[in-house]
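What follows is one structure encoded as structure tokens, with my remarks underneath.
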Amino acid sequence: MLPALICALVSLSLADNFDTAYPELEHYRTIYVQENGPQLSVVTEQSKVVSRRGGNATLPCKFHRDASLPANPKLRIKWTKLTSDYLKEVDVFVAMGFHKRSYGRFHGRVYLQDSAPTDASLVITELTLEDYGRYKCEVIDGLEDGTGVVSLDLQGIVYPYFPRLGRYNLNFFDAERACREQDSIVASFDQLYEAWRGGLDWCNAGWLSDGSVQYPITTPREPCGGKNTVPGVRNYGLRDKEKNRYDVFCFTSNYKGVCVCVGGGGGGVVCTCVSNHLPPSLHLLGRFYYLIHPSKLTYDEAVVACQKDGAQIAKVGQMYAAWKLLGYDRCDAGWLADGSVRYPITRPRRRCSPTEAAVRFNGYPDKKHKLYGVYCFKGHN
């Protein structure tokens, strides 16, 4: 009790001394501190823009400045691309007044829309597979700055891939090269997740672009995580990119203006095209077709046959794109560039693929002795 009484007396004494020292201060005064709100804001009207390879895309971004601010000739607009792990930003485009600059593989393919003085939207032309991802729009006005993020998605397809060596033989860098050789890139998690939602079921783990290893399951079963588990994308987490070996999930997109054709080799050709309203002066960018040939071929003969037809032997990614995005259907097994034999079925039927629409896989036969047809791809400038 005594210590508490002493503390109370000391507190009263200090209060009396404070009031004596500062008699002009009023008691119970409420002080309001008002700060100016942001004088610059950045708005992205869409969180996602969807296009396809070979086409164009406009990533929306607008900014609003306080009307009381004077014009700033040094206002800077900067676009960067975020990596899949968000650890790095890749420079895309910078503009400050009349000074404009594009960077790296975006050089010459990007510019500002400039529909209004406050429009910072970015136009990307001749889209590539690598353009897929998230982009950051940043506007810097003196000490003020604002940012917005827009995702660029490509219409395409995810497919599992393993090489002739067999399953679980690719480290991450081998996986990148394998997809690139098949006219594809390593898929992102978002792309794999969308593919799973679309019904992709694959029991072998594969690399994704962020360095993780995952696989999609729609029908749970014992060898694939357990029969009593729920459907989903199984995740092994991040793995050592050099040491660990798995399959890979690749992503590809059809070219703007690509066609799939039945026929060739001097015979009649029937083509289905997606022209996207191409102007008459722009030729179609490619043609995927099964080569009509009088006999079955070894792998080397298949390569030569496509070359004689003014084309190249088709890649796995080109077949998947033609099958999924353009509805290509052919019940003839044929060689592809990686030495595999496959055929695409969109209308399941007896002897072709009785239970499901799929790209059927016949393995990696002996290149010198096994005989099959061949799928070709004829590109155009």
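Using N, Cα and C of the backbone, Cβ positions are placed for all residues, glycine too.
Automated prediction, rather than curation, is the source of TrEMBL annotations.
These features come from TrEMBL:
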DISULFID  CYS203-CYS224  disulfide bond
DISULFID  CYS331-CYS352  disulfide bond
DOMAIN    38-155  domain 'Ig-like'
DOMAIN    157-252  domain 'Link'
DOMAIN    286-378  domain 'Link'
SIGNAL    1-15  signal peptide
CYS203 (disulfide bond) to CYS331 (disulfide bond) - Cα separation in whole Å:
25
Per DSSP, what is the residue tally for the domain 'Link' (286-378) in helix, strand and coil?
21 helix, 26 strand, 46 coil
Alpha-carbon distance [CYS224 (disulfide bond); CYS331 (disulfide bond)] in Å:
30
Starting from the Cβ of CYS352 (disulfide bond), draw a 10 Å sphere and report how many other Cβ atoms land inside it.
16
Given CYS352 (disulfide bond) and CYS224 (disulfide bond), what distance in Å do their CA atoms have, once rounded to a whole number?
27
For CYS224 (disulfide bond), write down the residues of its own chain that are at least 6 apart in sequence and whose Cβ falls under 8 Å from its Cβ; none is a fine answer.
CYS203, TYR215, ILE217, ARG234
